[in-house]
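Chemist: A single structure is presented below for examination.
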Amino acid sequence: MRFVQRLAARCCRIHKQLDTARGHTDSSLLPATAHTHPLFGKPRERMSNCSCNRTRYQTKSFQFTQSLCGVGYHHQDGARCAEMSMVCLTDFEEYAKGHLSKATWDYYAAGADECCTRDDNLLAFKRIRLRPRILRDVSVSDTRTTVLGTEISFPVGIAPTAFHCLAWHEGEMATARATEAVNTCYITSTYSTCSVEEIVAAAPNGYRWFQLYVYRDRKLSEQIVHRVEALGYKALVLTVDVPYTGKRRNDIRNQFKLPPHLKVKNFDGAFQVSAGPEEYGIPAHTLDPSISWKEVYWLQSLTRLPIIIKGILTKEDAELAVEHGVQGIIVSNHGGRQLDGGPATIDCLSEIVDTVQGRIEVYMDGGIRTGSDVLKAVALGAKCVFIGRPAVWGLAYKGEEGVREVLQILNDEFRLSMALSGCRNVAEINRNLIQFSKL
């Protein structure tokens with residue numbers, strides 16, 4: 001399969017680059033003995049030897065070597081590794097942490113208060129185990145699924161995250177092109193540093209939803225709804241867990257604000273110039289803390305687009321969402337950036353899926369770092385998962401190409417996890433795969 005070939009090629013490039021950095025150019029150090037993978041039947045190359053730390057995994061006919069040296073690793077002889085191929089999402093995280101400014105990194109990494117919920121989003125996946133089935137003929141696998149009736153290449157999309165131009169000069173335009181190339185869903189943030197018009201022009205054939213807040217000045221929300229509907233966005237994602245902005249300590253310490261050359265372009269000039277306090281690119285106190293379920297009806301009166309509620313964590317609110325006629329729910333705690341001490345999103349997922357009973361689609365975000373994480377979420381009932389921070393890390397690495405690589409690695413890992421669990425397509429993934437750890 002192509003995804004195994006890509007994984008092998010990435011590792012091969014890593015070790016060639018490491019040997020080059022150490023001054024090893026003898027081709028004998030880079031053997032190219034062909035092997036056939038017993039599962040997918042494609043020729044593979046044996047990975048070259050390298051003296052840096054790594055873990056080696058072997059199967060009968062396929063040797064896979066994963067470098068553990070990390071981006072920017074220094075060998076004992078002082079030679080710095082050449083630019084390294086990325087093997088997993090944490091490689092992108094380390095790269096971004098080392099290359100973004102402290103204030104920018106802190107903004108993207110921030111959780112509320114002590115970051116307990118942010119961290120538990122990741123830890124919760126480790127409490128879930130998989131129950132693989134064997135002898136299932138997984139020689140052919142299909143990762144495709146649908147969201148709101150539209151086919152996407154695999155059940156991972158890009159969550160709404162703000163200020164992409166802080167990570168890469170083309171910002172959200174690069175993200176949009178990457179998701180268009182991979183054929184998946186991109187939820188554009190209200191707090192984009194590129195306008196919705198620029199994003200659509202950059203990727204005219206991409207599949208997009210738009211994330212929306214309700215402002216005290218309802219006309220601002222109304223105007224952006226009409227703009228994105230006219231531009232061909234396919235759904236509105238109403239974020240409901242931000243009546244007030246959570247306390248993110250490092251942002252306060254850093255006095256975080258957008259640099260002068262960047263703006264929240266979707267509202268450029270919409271707010272009166274004021275010398276008052278600012279929150280993340282717009283005047284403070286712009287969001288309306290008085291919103292309630294009646295705003296869902298108001299939004300439905302403005303548009304024919306499907307409405308998805310983002311920020312639900314309880315079965316009670318899930319039932320209310322169904323009663324108010326929305327088309328989907330994103331189980332989300334805002335990446336742990338709002339209420340610290342709340343539950344991890346994956347821990348809430350099955351309760352909400354059981355409550356809605358297929359009446360609307362259920363998605364989730366928060367804590368997705370591997371293809372097996374995706375598999376676990378889909379097994380617990382998520383129609384699709386969305387990633388936020390990893391997409392920004394990919395942007396910081398190589399812009400559009402970096403985001404594509406993040407998505408491709410997740411797709412490769414998801415396909416492999418499916419096969420190793422005995423699933424040939426997304427329809428075969430169900431809760432029978434799941435075992436909760438007693439640890």
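Here, residue 1 is simply the first one shown, and the rest follow in order.
In case you wondered, yes, glycine gets a Cβ from its N, Cα and C as well.
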Chemist: Looking at TrEMBL, which one out of TYR107, TYR397 binds glyoxylate in the same site as TYR213, ARG248, HIS334, ARG337?
Modeler: TYR107
Chemist: Go through TYR107, TYR213, our binding-site residues, and report the one whose Cβ sees the most other Cβ atoms within 10 Å.
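Modeler: Selected residue: TYR107.
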Chemist: Let me spell it out: for each of the binding-site residues (LYS310, ARG369), count the other Cβ atoms within 10 Å of that residue's Cβ, using every protein chain shown. Which one has the most?
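Modeler: When each Cβ's neighbours within 10 Å are tallied, LYS310 leads.
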Chemist: At a 10 Å cut-off from the C-beta of ARG337 (glyoxylate binding site), count the other C-beta atoms across all protein chains.
Modeler: 23
Chemist: The record lists TYR107, TYR213, ARG248, HIS334, ARG337 as binding glyoxylate. What's the largest Cα to Cα distance among them, in Å, rounded to a whole number?
Modeler: 20
Chemist: In whole Å, how far is ARG337 (glyoxylate binding site) from ARG389 (FMN binding site) when you measure between their Cα atoms?
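Modeler: Given the Cα positions, ARG389 (FMN binding site) is 12 Å from ARG337 (glyoxylate binding site).
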Chemist: Could you tell me which of these binding-site residues, ARG248, HIS334, ARG389, has the fewest other Cβ atoms within 10 Å of its Cβ?
Modeler: ARG389
